[in-house]
Amino acid sequence: MNNQITNVYIWDMDETLILLKSLLNGSYAEAFAGLKDAQKGVEIGKMWEKHILQISDDFFFYEQIENCNKPFLEALSKYDDGQDLSDYDFNQDGFSPPHDDLNKRKLAYRHRIIANKYKQGLHNILDQEMMDVWDALYKMTDEYTDGWLSSARALLEQCLAGNEDPTICNTIAGGVVRSNATGSRHINVLVTSGSLIPSLVKCLLFRLDNLISHENGE
């Protein structure tokens, strides 16, 4: 009999784990009664917005599948026949909104590629110049928000570790930790009202991908 306890931590993304809307509309700075430069916050938000959309389109098929939003990447997995996609031309396969089984399969192919890229991380996707821009923007944002982003990461890590001695726990991988000491399992699950692909890209850009697996984003 398996007596393992699973602890599930459910998180909202926007304005909880990350900040974006409140930067763009200036409400984050307004809360500090003039102590924060509101225009700088807006500029930071616009830079994030640009990168989220650019990476979604360039690497995650968002321009093709924007109107085919699903709650999670495995939603159409039963249509994926496991075809080798290494030489598959996603620009020439005639994909259209998946109302029939053929196009559901084509969307499932795209979801499989997206899942693989998510697991690989942005360092295997972006060139060094873009990595440097991303790193600088992350540090600028964390400084401007008094450590909001790094604090959110630390909280997710703490939950995955179950507040246990980190020398007892296994390393974090994909948002799941199993404790050697108690046999308990800790999982972070993300919920958001946003579209799936930009939400996954936000996880990558805000460095949450090793704390929330793509299976646990909804």
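Cβ coordinates are placed from backbone N, Cα and C, and glycine is handled just like the others.
Just so you know, TrEMBL annotations are computer predictions that nobody has curated.
Quick look at what TrEMBL lists:
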ACT_SITE  Asp12  active site, nucleophile
ACT_SITE  Asp14  active site, proton donor
BINDING   Asp12, Asp14  Mg(2+) binding site
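The Cβ of Asp12 (active site, nucleophile) lies under 8 Å from the Cβ of Leu190, Val191, Thr192, each of which sits 6+ residues away along the same chain. Cβ neighbour count for the residue listed as 'active site, proton donor': 15 (other Cβ atoms within 10 Å of its Cβ, all protein chains included).
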